[in-house]
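Enquirer: Questions regarding the structure given below will be posed in turn.
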Amino acid sequence: MRHLVLICSLLLTFSIQANDSRLLSSLQDLRWQYRVILIDNEVNRLDTLAYLEEKAAEIKDRDVLWFVLDGHNVTTNYPGQVHENFAAQVRQRYQIGGRRMVLIGKDGGVKTRLADMELDIIFDDIDAMPMRRQEMRDK
């Protein structure tokens, strides 16, 4: 009986740790895995989300995670949870301010800043990256 309780306790602990590992607190956690698009959007959130959904296949093909920052709220295609301070941290770190879109490469560096919601320009920039060209050759 003691062994059963111990095993259940261990399984519960590992389960909790696994769920907590999906909590995104920093974009550094995504480095070398994903490209990131940050979108500062306090006006037309629903239009933005519809546009992102329309481009979902192209976004997925390029290993892109997007984050729509609306005040303190974050809407994203990231599969886990986002830390409550994520929006404030990202705004400060990447100085989104007057720029509506910021592209961050897999290496964690800022690649493009745009004032308008232009995913086709972002896709062209991504497709010109050496890492992306290698990915396309490997597919």
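Glycine too: its Cβ is placed from the backbone N, Cα and C atoms.
Got these off TrEMBL a minute ago, pasting:
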- 27-135: domain 'DUF4174' (DOMAIN)
- 1-18: signal peptide (SIGNAL)
Enquirer: Averaging the per-residue pLDDT over the domain 'DUF4174' (27-135), what integer do you get?
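Expert: That stretch averages a pLDDT of 92.
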Enquirer: Under the DSSP assignment, what numbers of helix, strand and coil residues are found in the domain 'DUF4174' (27-135)?
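Expert: Helix, strand, coil within the domain 'DUF4174' (27-135): 44 helix, 27 strand, 38 coil.
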